[in-house]
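Q: Before I ask anything, here is the structure I am working with.
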Amino acid sequence: MELALVGNPSNGVAKPSCNSVGSLPVVSSNAVIHPPVTSAAGATLGRHLARRLVQIGATDVFAVPGDFNLTLLDYLIAEPGLKLIGCCNELNAGYAADGYARARGVGACAVTFTVGGLSVLNAIAGAYSENLPVICIVGGPNSNDYGTNRILHHTIGLPDFSQELRCFQTITCYQAVINNLDDAHEQIDTAIATALRESKPVYISVGCNLAGLSHPTFSREPVPLFISPRLSNKANLEYAVEAAADFLNKAVKPVMVGGPKIRVAKAKKAFAGIAESSGYPIAVMPSAKGLVPEHHPRFIGTYWGAVSTTFCAEIVESADAYLFAGPIFNDYSSVGYSLLLKREKAVIVQPDRVVVGNGPAFGCILMTEFLDALAKRLDRNTTAYDNYRRIFIPDREPPNGQPDEPLRVNILFKHIKEMLSGDTAVIAETGDSWFNCQKLRLPEGCGYEFQMQYGSIGWSVGATLGYAQAAKDKRVISCIGDGSFQMTAQDVSTMLRCGQKSIIFLINNGGYTIEVEIHDGPYNVIKNWDYTGLIDAIHNSDGNCWTKKVRTEEELIEAIATATGAKKDCLCFIEIIVHKDDTSKELLEWGSRVSAANSRPPNPQ
């Protein structure tokens, strides 16, 4: 159901983001968060914003200083429980907030006006596409300069300061431009509440002369941050459960597939519950890996059309009914729109909507409540899983390399698989790491993240920084190609400053391999770097870092043993040198199909 948003329509714009609206990522749906008591003298705008970030769990803010946000940064630093992390550039600060939100449920970044805001824009767009609540804070112009026809620095030379705001309007679910104190409290609280409720980024611009000022609205006690709960329409819920149960109970060999919107719906537990009670085999869409329990006894792998896990596509596409929870069917996840699925066989469950076959459709239904209720109505049916067991033949492990034989990528990932546990998390960069990491069977508690919808190469460096900062109980294992790394390498420096102990596998194959398989050309070849030498230079004997260049399996085994043993408390950077044409068979198949989809001729006019 839609909830009323309170705000100043001239400064804040509230709008529904899409159908992927679920329950809250950090706080419970009826949470009232009480701030600590403060005196009126200390109740400034900057402190109010900082305090709110701490209350929602964003206890680290990734920032790049600029003259418009310096005073605000002082207040963020001064807030107990809040840590300001300086990044090398705004893009990586945004990527770090993205990674942080994946682990913590919400992230935050702070940049300066326009030159910083437009630089972080790409990362915020990625967070929007992945349904991640990121609070993007911008230090804005002095409030006295609005409407004066003055031309300011850090702008495009026009007296109108709205260019940055207009850019953010399409990639955030709420925008607050705070250029007066009277409604600043309301605007900040509305923006943060909207980010949590919609699970999308928001934009908050704070005038550079306002952060240190007090206002009576900041000193009222208590000042709760109230998040209005989302509730299912009970009648619709009952009808939807009845229709879906009747549809699925008539099927002979139904299956279940988890999609990426399970995250925004906070439905991981509900999905696991219905999987347990129904007896159906469970698969996962590639963009939802890590959201579905792969240790479950009836887990059959990744459903990704022609590049699915062995025998998974055969079971899913031959089913006479499939329950998809939170799917996104884009050109990447559908392998160029080549999935062999039929809508009339599907029950599609989105975070707030259910569609049974070709109809009917039921709105205002929370995924969690629907799956919990449906689990009680389904007849147990293991037929599809029994079929899977009859045809399943385990994949063979790649043979061990010969002494001094050049290392192969499949050998690398065989050894990465052995590193995984509930105390690790995998970050997979856009590229061949997508396909190789999909084959990793995740143990219980092992995290997994990648950016499939937006697919911005270089994302994983900042995301590794943010995820590791948020999930300090896990050791992050990051797999990134050389081309992607050249986009965002600088913030390995920030990892060292933060004392992180991630393991980064830099796969050096001399170019943009994923682009080669879609459409080759000389533009896909890059200048080779001495990557370990670069990290050693960034390290500069300041921090805890270990690097290694690996060319053979024997060297890889030794490097992993060191990274997980003597150097377990270090940031470990392992450069893997492989042949430029050493790619997974899945990338070859996927690339050819996506290329075909991209090169379709125009429709006749």
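From the backbone N, Cα and C atoms, a Cβ is placed for every residue, glycine too.
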Q: For the substrate site that Swiss-Prot gives with ASP67, GLU515, which of HIS154, HIS415, HIS539, HIS579 also belongs there?
A: HIS154
Q: So Swiss-Prot lists ASN509, GLY511 for Mg(2+); which of ASP473, ASP482, ASP542, ASP569 goes with them?
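A: That Mg(2+) site, as Swiss-Prot gives it, pairs ASN509, GLY511 with ASP482.
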Q: HIS154 (substrate binding site) to GLY511 (Mg(2+) binding site): how many Å between their Cα atoms?
A: 35
Q: Rounded to the nearest Å, what's the C-alpha distance separating ASP67 (substrate binding site) and ASP482 (Mg(2+) binding site)? Just drop the number here, would you?
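A: Cα-Cα distance, ASP67 (substrate binding site) to ASP482 (Mg(2+) binding site): 34 Å.
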Q: Might you list, by sequence position, any residue in that chain lying six or more from ASN509 (Mg(2+) binding site) with a Cβ less than 8 Å away from its Cβ?
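A: Same-chain residues close to ASN509 (Mg(2+) binding site) (Cβ under 8 Å, separated by 6 or more) are GLY481, ASP482, VAL578, HIS579, LYS580, ASP582.
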Q: Would you work out the biggest C-alpha to C-alpha distance among ASP67, HIS154, GLU515, the residues that bind substrate according to the record, and give it in angstrom as a whole number?
A: 39
Q: Cβ atoms within 10 Å, counted per site: which of HIS154, ASP482, GLU515 has the most, among these binding-site residues?
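A: Top count of Cβ atoms within 10 Å goes to ASP482.
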Q: Using DSSP, what is the helix/strand/coil residue split across the region 'Thiamine pyrophosphate binding' (432-514)?
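A: Split into helix, strand and coil, the region 'Thiamine pyrophosphate binding' (432-514) gives 37 helix, 18 strand, 28 coil.
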